[in-house]
Each structure stands twice: as C-alpha cells, then as structure tokens.
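Shown next, in structure tokens, is the structure this report addresses.
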Amino acid sequence: MSNGCDDYSLKWFFISVVGTHFEMKPYEHDGVDLEDGKTRKPGDKPALRKIHNQALLSGLAYCISSCSMILVNKFVLSSYNFNAGIFLMLYQNFVSVIIVIILSLTGLITTEPLTWRLIKVWFPVNVIFVGMLITSMFSLKYINVAMVTVLKNVTNVITAVGEMYLFNKHHDNRVWLALFLMIISAVSGGITDLSFNAVGYCWQIANCFLTASYSLTLRRTMDTAKQVTQSGNLNEFSMVLLNNTLSLPLGIVLSFAFNETDYLFKTPLLRLPSFWMVMTLSGLLGLAISFTSMWFLHQTGATTYSLVGSLNKIPLSIAGIVLFNVPTSLQNSASILFGLVAGVVFARAKMREKS
C-alpha cells in the first residue's frame, strides 16, 4: 500500500458518496484484491450478513440503482424545476441516516459509535464531501446527464496529477493516453453542447476538483479514523452514517447561506405528496447504491466491478438524452461516445497497470 490515495481505494469513496457518485474506478480493500472472491482478511468482521445470490443479479441491481439515482435527481432538479439543491441533499442524507440507524438497531448491520474523537478526525474531509454533493446537484440542474458523465472524467485527470505531485505516484503511458482522450472528449463535448450553460459548467468544474480532493484525502483520513474507533476498524456502513450525519448541520447552515429557506417557504412543490415521494425515492436509491455496490463487489471482484461501472455510463447517457429530450448534434453525440469509450479505456489501463 502506498502512503497516499491508492488506485483501488475508490470503492470506499463511492460507497460513502450516497446520492451523487456514479463514476467507477477499480477497487482494492486493504491490499486484498477482490477478484479472487475473498472480500475480507481472516479475523475481520463482516459489515453485512452474507447473501447467497448470483453475480448477475447483484450487477443488475447495482446498475439499475446507480443509473436511477442520477436520473431521479435530474428529474427533481430540472423537470420539477426545484431550486433548492442543498435541501435535496439534506433530505437524501437524512433518509440514509434514518435507515442505517434502523438497520443497526435491528442487528442487520454493524456501525461504529460516533464519538467526538472520530468526528474531529472526519470533519475536514466531510466538508469536502458536502461541497462535492452540493456542486454535483447544482451542475446536474443546468447540464444534461450525458455531458455530466463525460465531464466527470476530468476528475480522473486531476486525481492522477494529484497522486503524482502529492504522493510521488507514477502512471504508465496507457493511463496518460486514456486521460488525454478524456480531456479531448470533455473539451469537444463542451464546444458542441447545444444546451451549453456556463453556470452549470462552472459548478461541474468545481465538482471535479472537490471530488478529486475527496478521493486523495479519504484513504489517509480513514487510516487515522480507524485508530480512534472502538473496534479499530471502519466499515462501509459506519462511513455512510458518519458522512451523512455530519453533513446535516453543515447542510443546514449552507441552506440558510444560499437563501434556500425563503424559496422553500414559497414553493408549492413541498405541498405535493408526489414530490415528496420522488425525493424520498432519491434518498432510498442513494442508500441502495451503497448496498448494491458492496453486494456486487462481494459476488464478483475488482476487475468486473470497474469494467461494469465504466460500461454503465453508456445506457445512463442514452437514457438522459432520451428521457429529458436533450437537443444534440452528431458532433456532440460523437464527443459523448468518445468520452464514454475513453472511460472504458482508462479502466482497462488501470487494471493492467495494477497487474
């Protein structure tokens, strides 16, 4: 293990980003490659009771939940024209916290107690986490799903550069070639985007930097956090509970700062039961991503998980264009396809680099 953010640690990152992150990278858990089916070291306690199901079912569940989450968020923000993205994040995280607490109390999962020592260690990275969620919401409101998917590839570029300068980690030429292709697709996609929105693109650029920062700092924070937990470990559900619980007070402050409270008092949307149902669904889907991603990993391995995550962007982008009637051109569609292919090339290059 390197002393920085290892290439295969983003599974932790993905699981803790309930409700926003659908970009996949390969995964390694404490130096154990999951492709051999061994998801825990000897003596480790399972965070979730073992479920005996086929890999296909878990893969479908993961793909459906991750795609649905983004599409539902887009529906709430754009189709409903809901102008309180921070409140949406708060509600989704609140739903996740309640469900995780209930599952913990019933003994279905295990979580670490949220002590002050643990909170103090985790709070700085949680600030980045909240900023990442909020900028993701804001960008998704103004940019179509397909372009958000392609632009998120820029996160990989920033992360790779950060690893090189912060942790002296070097990548082979195939990885840099894939990253270069991602930059080309993002630039050409922006130029040919018929629904280009400068505000949305600014939010997305900010989101890329925050997401990369979260990825780069998460592993070291996790290592420190494990030292202050009662069990000496920090499982996936503890991270979900920790991140989402800490996000609530910070989100409330930001909601007031962005003057969302006046909008919430005036908007008729909050008086519609159907709107609350959709928002609740988005919160449930966010938590479902955590469950299904862990399930899929336990049934398959790092290679399958990474490749399916990259391929999953293709139907997501197509669905985003079709469902929301996004105006597009042949050039823009080609740029989006080019970016999606670059993502697959990047995933395979990282696998080969690891091997």
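Any Cβ shown, glycine's included, is placed from N, Cα and C.
TrEMBL does not curate its annotations; it predicts them automatically.
Copied over from TrEMBL:
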| type | residues | note |
| --- | --- | --- |
| TRANSMEM | 55-72 | transmembrane segment |
| DOMAIN | 57-338 | domain 'Sugar phosphate transporter' |
| TRANSMEM | 84-109 | transmembrane segment |
| TRANSMEM | 121-140 | transmembrane segment |
| TRANSMEM | 174-192 | transmembrane segment |
| TRANSMEM | 198-216 | transmembrane segment |
| TRANSMEM | 237-258 | transmembrane segment |
| TRANSMEM | 278-297 | transmembrane segment |
| TRANSMEM | 304-324 | transmembrane segment |
| TRANSMEM | 330-349 | transmembrane segment |
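Touching of the transmembrane segment (237-258) and the transmembrane segment (84-109) is concluded from the presence of at least three CB pairs under 8 A, sequence neighbours closer than 6 excluded.
Contact between the transmembrane segment (304-324) and the transmembrane segment (55-72) is present: at least three CB pairs lie under 8 Å, with pairs separated by 6 or more positions in sequence. Listed as Cβ neighbours of the transmembrane segment (55-72) (distance under 8 Å, sequence separation of 6 or more from its ends, same chain) are residues 19-20, 22, 140, 145, 148, 278, 281-282, 285-286, 288-289, 292-293, 295-296, 298-300, 304, 308-309, 312, 315-316, 319-320, 323. Listed by sequence, the residues of this chain that lie at least six past the ends of the transmembrane segment (84-109) yet keep a Cβ under 8 A from its Cβ atoms are 18-19, 47-49, 73, 76-77, 130, 133-134, 137-138, 141, 237, 240-241, 244-245, 247-248, 251-252, 254-255, 258, 260, 263-264, 267, 279-280, 282-284, 286-287, 290.
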